[in-house]
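Now, the feature entries from TrEMBL:
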type: ACT_SITE; residues: Cys2; note: active site, nucleophile
type: ACT_SITE; residues: Lys605; note: active site, for Fru-6P isomerization activity
type: DOMAIN; residues: 2-219; note: domain 'Glutamine amidotransferase type-2'
type: DOMAIN; residues: 287-427; note: domain 'SIS'
type: DOMAIN; residues: 459-600; note: domain 'SIS'
Amino acid sequence: MCGIVGAVSERDVHGILLEGLRRLEYRGYDSAGMAVRQADGSINRAREVGKVSALADFVEQNPCKGPLGIAHTRWATHGEPSQINAHPHMSGERLAIVHNGIIENYQELREALMAEGFEFTSQTDTEVVVHLIEKEYRVAGNVLQAVRAAIAQLRGAYALAVLHADEPDHLVVCREGSPLVIGVGIGEHFIASDQLALLPVTDRFMFLEEGDLADIRRDGVTIWDREGTPVERVVTRFEHGIDSADKGEFRHYMLKEIYEQPKVIKATMEGRITDRRVLEQALGTGANELLADVRHVQIIACGTSYHAGMVARYWIEELAGIACSVEVASEYRYRKHVIQPDTLFLCISQSGETADTLAALRQAKQAGFRAALAICNVPGSSLVRESDLVIMTHAGPEIGVASTKAFTTQLVSLLIFTLALARHNGLSEEREADIVTALHQLPGQIDDALALDGKIAELSRAFIDKNHSLFLGRGAMYPVAMEGALKLKEISYIHAEAYPAGELKHGPLALVDSEMPVVTVAPNNELLEKLKSNLEEVRARGGELFVFADGDAELKEQPGIHVMQIPGVHSITAPIVYTLPLQLLSYHVAVLKGTDVDQPRNLAKSVTVE
Ligand code: F6R
């Protein structure tokens, strides 16, 4: 989604703002802009459509320098991507704001402000906010009071940063439903919608809570909560090195993140399992006692995280014998549900800021669930702060829009969770030891899967002139096929649909011909024989098959059937290992097609609006 950066310093901040925007570009990227208070007391605003590099080129020719500034990358919600709709927005020449989120009552506010003589130049909901603050400033005479009065009239989600040319010593910021973090420097302070934006200038952060308003100065920060009471927010240190946010020797973040999986999977398991068991305290204090009471699990997530939840359902029902439902958050939040007694509410989210997932969690907290558990990758995110229990995935910053290492570390976390739950429900020590051993084997097996990179790159050539594709799997490999299809469509723009292989003959078989590549994940499990007959159905219709299969599966390479052998893996951990070749396949197809791998069109990394 949109990204915000701001700085209050003694030095010129335009370079800090630009670098921050570059680091936020992965969140949303149809236009970018900045506003800086210059030495002569005026505000200089620059806005460009396209990538941050376009803005950087512009400010190189037209300097935009000063010690106080705000900046923004936009992902259009109200109004097309254009210079006029890009942030910062201004009211007159002295007041500028950047905004992340959506103002729901913007239409009525806009009409009221127009009736009072405010002139609108954009189609955005944000422009309503800047005029509203200006209106209140005329009454209050200072920005802090004006912002406080203005936000009391807003409905919706927002993170705002406000700069006034007549108050050169500070920024005023606030959050309600959209993330905002304060970076603590020495004699300077920064703000951003994501701590990654500020890593070149600080590693110390304060996370604002819902309803917080803050006054950001060079020498200090004052924060008030929703009731207007001054509050302290703890300063935390960023745990991962600054390099974790750089591409290193890799051509794209996505490829770097695919290759990081052996390392981050190890990190996710560390301190949670011994050589044979899941540790009692693996999920934190009190978790074990809670799990003993759990009779149902309700999983909520979006996109890739939803697919992780779908895999977990197979594990939870098989190993723990506990009923598990999985639903996408955007659907769940808008329907009536029946909640069984002792149901655990489990949210999965890489960012911890996905608007629909957070909304579902907030509803759930009122709805009588036993407790809320989050599986999340971003410490300090709203999801982490608002859940009763948390399993952090330790994947490190994920920059590529297409989720890769976040997915596999979610799966590892979910499997550890399942084992902890299953132990209370009759899982034998032997079975637990068998699966924990399989977990320990994962980093090596993923290295083996990565070794197929060159062959998969070759295979990917068959996809570049195709417009459609099918992905098949059975059992827990069906959600893996869904994830493979999502990866391919989001970065290569090839239409990809996933089906449980047994559903083929109930409709999609009609689509199969020589122009329809069919990708299949076929570990050597109890469904293999059934899957083989499904593949025959495809072959008989002239469909070209790309099968990722266990070496023992006895699937032979022949005309129309390309077989990529995956080293043997445990049937429970197979969904994790088989994800890798599908990630590599979509990556190479996208590279061959020349799409923007890390920042695919129309998508944003962190979907903080509905
Ligand atoms: C796809 C992808 C998205 C996210 C979804 C949820 O590659 O990344 O589908 O998985 O937007 O995001 P989180 O996990 O941050 O809640």
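Note: Cβ is positioned from N, Cα and C throughout, glycine not excepted.
According to DSSP, Cys2 (active site, nucleophile) is assigned to coil rather than to any helix or strand. Taken together, the residues in the domain 'Glutamine amidotransferase type-2' (2-219) have a mean pLDDT of 93 on the 0 to 100 scale.
For the pair formed by the residue listed as 'active site, nucleophile' and Lys605 (active site, for Fru-6P isomerization activity), distance between Cα atoms is given as 10 Å, rounded to the nearest Å. The domain 'SIS' (287-427): residue composition by secondary structure is 67 helix, 29 strand, 45 coil, according to DSSP. Cβ crowding, taken as the number of other Cβ atoms within 10 Å, peaks at Cys2 among the active-site residues Cys2, Lys605.
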